[in-house]
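According to TrEMBL, the feature active site, nucleophile maps to Cys2. Residues annotated as Mg(2+) binding site in TrEMBL: Thr303, Asp365, Asp366.
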Amino acid sequence: MCGLAGIVGKRDVAPDIYDALTVLQHRGQDAAGIMTSYQGRFTQRKSEGLVRDVFRQHHMQRLRGAVGIGHVRYPTAGSSGPALAQPFYVNSPYGIALAHNGNLTNSAKLTHEMFQSDLRHLNTDSDSEVLLNVFAHELQVQRQLFPSAEDIFAAVAGVHRRCVGGYAAIALIVNYGIVGFRDPWGIRPLVLGQRETSEGTEYMLASESVALDVLGFELIDDVAPGEAVYISEKGELFRRQCAAKPKLLPCIFEHVYFARPDSMMDGISVYKTRMRQGEALAKKVMALRPDHEIDVVIPIPDTSRIAAQAMAHELGIKFREGFMKNRYIGRTFIMPGQNERKKSVRQKLNPVPLEFEGKTVMLVDDSIVRGTTCRQIIQMARDAGAKKVYFASACPPVRYPNVYGIDMPSAEELIANNRTEEEVCEAIGADWLVFQNLDDLVKCSMEGNPQVDGFDCSVFNKDYVTGDVDDAYLLSVHNARNDAAQEERRAAEAAGRSVIGIHNDDQS
Ligand SMILES: O=P(O)(O)OC[C@H]1O[C@H](OP(=O)(O)OP(=O)(O)O)[C@H](O)[C@@H]1O
Ligand SMILES: NC(=O)CC[C@H](N)C(=O)O
Ligand SMILES: [Mg+2]
């Protein structure tokens, strides 16, 4: 679930983009990059690692220019490695760089078209490079020496006709400005903001509104599904609906896990949604077991804190921080390998025994995906002396792969796949397990903005909103990206058997 930021400002923007990427770090921990345009040329720094590790002072000093874009990556397609860090770049037409959040479901077909009919070269197996090349081709066929906003919108319309899947993207066109667009289903988020300065208005696009807040930009609104926003280098703002049949069906997993709670997405406060999730869970607990005898409600930090607190309040039970989090360990779920994920849960969370000794505890997490976290946590709670360990998930069982930008490629790796709720309870070792109902989860999000057409809930109900995802496609994703396949790829990379690519890590 990568993070994007782009600014058209009045002075060098790289420091602001750096800050924005730091605020969006929770969306991708694998690689980061910034590209700016300065005096008709690109400047670039991208590499693997966290934002704070990728950019050194000497990089920042060289990233000149008042127009720029940035990206933090969480891979969902293709390999990892510095060559896959974003933004990607093509020299023709004009010189375009692009940063992408999401995943194309027809990238195999598009890759073929790139070589066969568009006569374009792809140097990686990333779907984001495909997206950039489709955009570049669609802009090229406008055949304008100086592209206007109309030409750019026509190119985005071409992208919508050809690309299927989840995509929010920000492109930087040298000498012209930045273009943000969102897929026609609005699966992936993108917001627009502005900041007044003595030299005039500056504009910013970002995956989440929290990045605008922190930089002093005011949220204008969300980019609509299918819409394109073009901000010229001079600072003029143009907007246009470029899709034939746009519908707002955003990914509900943003509300469950991905987004920061202090973000507004499609008019919905993520914080309030998570509060409502906690309240709904409490009601379900009361309906199922009015005589539950829970002594204390304990969240699994970080993401479930808000839901757990609301749940405890609704139940009228004590809320306690029974697990302390090591603040120097990042998010576990978005780490690349299962071994790394398993190890990091124990390094990240440690129980406070007095909150467990002799008690019936209700542990609350936002989601149970592979079961990596809850299995270990339940054991930790028992080792810390809990009498009974109940577990609640603020979302329903995750049973199906995600194909729109979350790395859940294989149903087999999901603990709830082909298991009943009782079987999941047994597999994770809880005394009782409660899942949120899907209807309730949707209501919690919908209450924030009743204008939303619905949500992509495919990981819960296998209903993929783009309508093109069949079992054959799911099998191909499984084959390419299951844990064993990824492990093999990483081993090949470590042994130096992978393609180096055209962006070397030590580039300065
Ligand atoms: O069942 P699993 O496969 O373990 O995945 C689900 C867990 O992973 C996430 O936590 P993560 O540590 O990524 O981030 P957080 O600190 O934001 O909660 C999520 O919040 C759950 O705790
Ligand atoms: N999580 C994402 O948005 C991933 C973007 C792109 N598909 C990649 O793998 O790099
Ligand atoms: Mg968590």
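Here the Cβ of each residue, glycine as well, is placed from N, Cα and C on the backbone.
Known features from TrEMBL, placed on the structure.
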residue : record                   : CB count, 10 Å
Cys2    : active site, nucleophile : 26
Thr303  : Mg(2+) binding site      : 23
Asp365  : Mg(2+) binding site      : 22
Asp366  : Mg(2+) binding site      : 28
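With respect to ligand 2, the recorded positions Cys2, Thr303, Asp365, Asp366 contribute Cys2 as residues with a C-beta closer than 6 angstroms to one of its atoms, given in sequence order.
Rounded to the nearest whole angstrom, the C-alpha distance between Cys2 (active site, nucleophile) and Thr303 (Mg(2+) binding site) is 17. For the recorded site, Asp365 (Mg(2+) binding site), the DSSP three-state label reads strand.
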